[in-house]
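Contents: one structure, followed by commentary.
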Amino acid sequence: MSAYRVKEAFYTLQGEGANQGRPAVFCRFSKCNLWNGREADRASAVCNFCDTDFVGVDGQNGGTFADAGALADHLIALWPSDFRPAFIVCTGGEPFLQLDDALVAALHDCGFEIAVETNGTLLAPAGIDWLCVSPKGRSTVVIDSCDELKFVYPQADLSPEDCVHIQADHYYLSPRDDRYLTQPGTQEELAALRNASLIATSQRITNHTAECVEYCMSNPPWKLSLQTHKYLGID
Ligand SMILES: C[S@@+](CC[C@H](N)C(=O)[O-])C[C@H]1O[C@@H](n2cnc3c(N)ncnc32)[C@H](O)[C@@H]1O
Ligand SMILES: Nc1nc2[nH]cc(C(=O)O)c2c(=O)[nH]1
Ligand code: SF4
Ligand SMILES: [Mg+2]
């Protein structure tokens, strides 16, 4: 593996899914295979509703790390306690462009339990402790089983029923947050949107949230997952 490129890393609570509320170090890897991250290319991307800036290595605690040991040391330093296991959520961008056997081993050696948020289009290395697959539009999902499947709803090219062949212990619907699709213009305005608590802009998400509630109530085993960090105004 050449050097690992990380956009940002931070300590917060997992905001989504079955681990919602659990303290975690987040490692956001740079780069994705379903969008290049440029607003000008969003509309034509396979994944066109992304809420995340994953371009470059310039975020908090971001950088380029020469080997797995150096990155794992950097990440465990963000865990504030002697309590083990420590918990890490690897996300991005698409983490499986970079997360390999060497990094899984180095993170385990540091005492981390490893969770991953992936679009499911790339195979996972062995040893991931918690896998969340979130299928996107016309992409081909190659992972056939996971701990939780998180469907961002609605999607023009994909419905939840298209995904139930993927084995999962939990099937979640997560309301699509459309605040990033309004093309407000400058990078500064987009960054301000990303940092704005949903409480301030809740009107914008009520439609998809209500659609998700209705879908879950009509279609067990689907359950609702909210992006609680956005309501709380935390990372
Ligand atoms: C930014 S992605 C990074 C990990 C991976 N590339 C993926 O798509 O799963 C992290 C999580 O945010 C979700 N997500 C991205 N944009 C969203 C949006 N506009 N509304 C709701 N969830 C979104 C993704 O589906 C995924 O579960
Ligand atoms: N608190 C918090 N929880 C999250 N769960 C998934 C996230 C992601 O961007 O992958 C995320 C995130 O960015 N922050
Ligand atoms: S696959 Fe994930 S990181 Fe890539 S553009 Fe979509 S939501 Fe964003
Ligand atoms: Mg996020």
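Quick reminder: no glycine exception, Cβ is built from N, Cα and C everywhere.
Nobody curates TrEMBL annotations by hand; they come from automatic prediction.
Cross-referencing T91, T118 with the substrate binding residues that TrEMBL gives (L13, Q14, G15, R28) picks out T91. According to TrEMBL, the residue from C27, C32 that belongs to the [4Fe-4S] cluster site alongside C47, C50 is C32. Record check, TrEMBL: S-adenosyl-L-methionine site residues include F49, C50, D51, S134, P135, K136, and the candidate from G93, G233 also listed there is G93.
Each residue contributes its Cα atom, and for C50 ([4Fe-4S] cluster binding site) and T91 (substrate binding site) these two points are 13 Å apart.
Here the C-alpha separation of R28 (substrate binding site) and P135 (S-adenosyl-L-methionine binding site) works out to 18 Å.
Checked against G15 (substrate binding site) by C-alpha proximity, the binding-site residues C32, S134, P135 yield S134 as the nearest.
Checking each of the binding-site residues (L13, Q14, G93, S134, P135, K136) against T52 (Mg(2+) binding site), the C-alpha distance stays within 10 Å for G93.
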